[in-house]
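Feature annotations, reproduced from TrEMBL:
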- 55-70: compositional bias 'Low complexity' (COMPBIAS)
- 487-497: compositional bias 'Basic and acidic residues' (COMPBIAS)
- 555-632: domain 'UBX' (DOMAIN)
- 49-70: region 'Disordered' (REGION)
- 255-276: region 'Disordered' (REGION)
- 477-497: region 'Disordered' (REGION)
- 541-561: region 'Disordered' (REGION)
Amino acid sequence: FQACTGIENIDEAITLLEQNNWDLVAAINGVIPQENGILQSEYGGETLHGPAYGPTSHSTAASSTPSSSSAFRHVVPSRQIVERQPRMLDFRVEYRDRNVDVVLEDSSTVGDIKHILENELQIPASKMLLKGWKTGDVDDSTVLKTLHLPKNNCLYVLTPDLPPPSSSHSGALQESLNQNFMLIVTHREVQREYNLNFSGSSTIQEVTRSCHGHCTFPVSPSAGVWAVHPSTFSMTLAVAGLTFPCHRLTVGRRSSPVQTREQSEEQCTDVHMVSDSDGDDFEDAAEFGVDDGEMFGVASSALRKSPMMPENAENEGDALLQFTAEFSSRYGDCHPVYFIGSLEAAFQEAFYGKARDRKLLAIYLHHDESVLTNVFCSQMLCAESIVSYLSQNFITWAWDMTKEANRARFLTMCTRHFGSVVAQTIRTQKTDQFPLFLIIMGKRSSNEVLNVIQGNTTVDELMMRLMAAMEIFSAQQQEDIKDEDEREARENVKREQDEAYRISLEADRAKREAQEREMAEQFRLEQIRKEQEEEREAIRLSLEQSLPPEPKEESTESVSKLRIRTPSGEFFERRFLASSKLQVVFDFVASKGYPWEEYKLLGTFPRRDVTQLDPNKSLLEVKLYPQETLFLEAKE
């Protein structure tokens, strides 16, 4: 919002966003008049009305840059004067077994909250210590808007100068004495966090001795600090008003003896209540001069953790299996689903599918020797909102940087995939800056590192940075989907054209093959016909040669004259000896091209089928003497 509108005052920006129910588009449109231009969003295809950004040359250069790192084109508009509306803040204040809701403008002071609580709780404002602020050095004159608070806040009241509850609560007190309290202590000087377990019957003196005199605690938790008064060392944790089962403390070293009481109290620790702290019983207690195991009467080796990843692991998949198992044993089963396989396989899974299925790649770099690791893993990386968001939008791959061999191996992989600049950036990270969270986006020609998130962050900041990376990725993904759809459309058209061309070729080939088959069949039939004609011609010639000579008209022997009509109407005549057999007539007709197997020879009066007669009889016997007219007719 600040990048789009140019508003530098964070209070003003938060007020405008709250007025628009945290709707980014509506808030921008509320600040930037619509008639000044159009703000084009790359996310979701929306068009936002807004100003023409900056000078013409700058706007053109900004809009022509293809690698925009935001869902909106980053441009600097002219400042708009916004009339600031009062921002209302909601507070839920806890005091022992009571809750009080307070609503104030952010222009109010901390003292105004105390005056309201004075009427509600019937406790003098001078006796109250109001705790639970996210920042230190808060007094009654502090204006709320200077603390940059969210809309909803939780505080609690401590009253160290008031007596504890009456004896009617002795049963509850006895129960508190038997309970175990976890004190989550944050050491300011070394920026470390320690988890200490104490029974409710433990005294403040016992707690301070366990911390080996590195810091001082005020007398009563109602005062927000445990002041250095020997008479208060005998107070037990059960009556100190701590939150059960976990209570958060921030500690510092003792004040100088020459400081005033007010200066000393400013350096004392603030107490912050939490209800979901977790971790090991006691970590790195040596900073307080106490050995890990000695605090609880067990050997320190019993609390030593297994390595997250074996050193010099040959197979990355096996190393990631051990990493996942060890991570689950330390921080529980609610954690990101780590990709089991090599970094190249993770790239393949995240970047090289269809555009709609691609995801960002999140690389988690673990380091056991960093003071931030346990807090980051247990409170940020294992938060349900973070786990859910990562599983939906990211492929998460992990590596342990604790061992030097594993560190060198990852830096080699990093140089190969991201270049020497990214590898050098990771190489220069100090141990206390780990763990690191790398957000990688795959591009057409290379892999781009969108963000490097260090361990000193909060859940909200981590979620915001993940969402910011997702906005950039979504804009790029929409372009990739559009390009892929256009490419697929072109390929579909080409496939359809190729298929139509193939079908046309097959049709032409089939037609050509059919023609060739027809021609081949015609040729075959023609060959058969020719062979049959040649055979018939040979038979005809043979019969013609085998016929006896035609007798002359003046022959002294009996001669029969036969006149034969063909189916085409033609006639041919021949003389035969009356003593000749009927077969001679058949052979004569066959020699003219009318074999008796295909044609019938019919007589006229009476009509008869001569071919049915005995061919061995003479013409005289079959009464074809002295002359006869016969007809040839094709058999059916």
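Along the chain as shown, the residues are counted starting at 1.
Using the three backbone atoms N, Cα and C, a Cβ is placed for every residue, glycine included.
Taken through DSSP, the region 'Disordered' (541-561) splits into 6 helix, 3 strand, 12 coil. Taken together, the residues in the domain 'UBX' (555-632) have a mean pLDDT of 89 on the 0 to 100 scale. Mapped onto DSSP helix, strand and coil, the compositional bias 'Basic and acidic residues' (487-497) counts 11 helix, 0 strand, 0 coil.
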